[in-house]
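Undergrad: Before I ask anything, here is the structure I am working with.
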Amino acid sequence: MSYPQEVNKRRTFAIISHPDAGKTTITEKVLLYGNAIQTAGSVKGKGSSAHAKSDWMEMEKQRGISITTSVMQFPYNNCLVNLLDTPGHEDFSEDTYRTLTAVDSCLMVIDSAKGVEERTIKLMEVTRLRDTPILTFMNKLDRDIRDPMELLDEVESVLKIRCAPITWPIGCGKLFKGVYHIAKDETYLYQSGQGSTIQEVRIVKGLSSPELDAAVGDDLANQLREELELVQGASNEFDHEAFINGELTPVFFGTALGNFGVDHFLDGLTEWAPKPQARQTDVRTVESSEEKFSGFVFKIQANMDPKHRDRVAFMRVVSGKYEKGMKLKHVRIGKDVVISDALTFMAGDRSHAEEAYAGDIIGLHNHGTIQIGDTFTQGEVMKFTGIPNFAPELFRRIRLKDPLKQKQLLKGLVQLSEEGAVQVFRPLMNNDLIVGAVGVLQFDVVVSRLKTEYNVEAIYEAVNVATARWVECCDAKKFEEFKRKNEQNLALDGGDNLTYIAPTMVNLNLAQERYPDINFFKTREH
């Protein structure tokens, strides 16, 4: 197959949702339809031995939430689909944000009983920054749901995106009979397929077919016809250009748990979602059709293999083709490296990649030299932009139970900070280690990973820090004066960047007024 054909058949997407809207179940069912796993293990919390394929870290297994981002690749409809699983738990916005910089489209999953929830709103704001095309799946139709028209109205008014229903539900809860495909004029009748059973779906042609009345009952058939008249009068028709621009979302209805409707949005994804898209660098735009290799690292994950203390850098291939043993330039450090053992992923199962094309995600073994945001090319000096680091909102001091393990603690924290799991600050005035996070759960993750991966018993406690800002100044003399007078509020982060840590917001505001020449940054590029 030629290079353009390989690139054009790739679809790279992520699933975004509020916690518990069914994202992990959908992830599994997508893999099931892509024949990537044989049995979809229902995700359980503590104590269950059936863990979802994409939740592999110890703490995730205990809590039944996907904390880290995994990558899964599977074939579907002559396409090769890369699914990036993002953490659904409300605490993990940074990792999720960075993952969304590596995809070309997203599937938004909504719990049809609850509608649009707060976490979905946040994630949609992120996709808005790059106008990412969005498909929508209204999930849990095997339960009692809100009125479907109401759900569409809510998506339109709250998320500011037009909805184009592709399928429409017939009943819900115990009376759920299936969905009607508006463009194809076909009804797909629901039969629950549990676990890994994909039922043969019976299809009824035509909305006026008496077979439809016989299958779902006169009342529901008539209700469907009435609702569709309303829908066709009130909602938008699918418009591909508006979808690609992130202005309109095709909407599908179904139940992931019942293995129903998942294939409908997969058909939509492979047919309509964009092929690998261009990406901005500091010098030019890189198109996916270019045959020279380039890619950027959007995530680093430690210990994917419990047997080895390894770290894997996840790289999105932007252009060209990766081949085993090829020489690439690691732009930030200006070194050429030979990559002979890149990985491809089926979550938890890693296999060595012989080749990968634009749109694919590959894993590079990392012994501490690769950082989030790093660019790799075949020689060209450029840096992909738009992968941010956020100033944390929550802070804790980390304390050792055994003071002799200070060295291991520091090593563990620096590695976790390079991975983007947490940010570490070392105050200039004392030996404290302060960690900053975007969500509370991250502190638990850090303590649990320090224990399992670095054999360090640590606890965290409150610390008098309200917020942090990275500080820079063009005038060296003024910067020195600022540093001298504010030493008690200054710290170095994991990458040795100078940071102002403020005990209160008032303190920060005063410092900014007092030193107008100093730049205080809330985010910085990786």
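Including glycine, each Cβ sits where the backbone N, Cα and C put it.
According to Swiss-Prot, the protein has these features:
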- 8-277: domain 'tr-type G' (DOMAIN)
- 17-24, 85-89, 139-142: GTP binding site (BINDING)
Undergrad: Judged by the number of other CB atoms within 10 angstroms, which among Ser17, Asp20, Lys23, Thr86, Leu141 is the least packed of the binding-site residues?
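TA: Taking Ser17, Asp20, Lys23, Thr86, Leu141 as the binding-site residues, the minimal 10 Å Cβ count falls on Asp20.
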Undergrad: So, three-state DSSP: helix, strand or coil for Lys23 (GTP binding site)?
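TA: Lys23 (GTP binding site) sits in a helix per DSSP.
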Undergrad: Please state whether DSSP places Ser17 (GTP binding site) in a helix, a strand or coil.
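TA: Strand, per DSSP.
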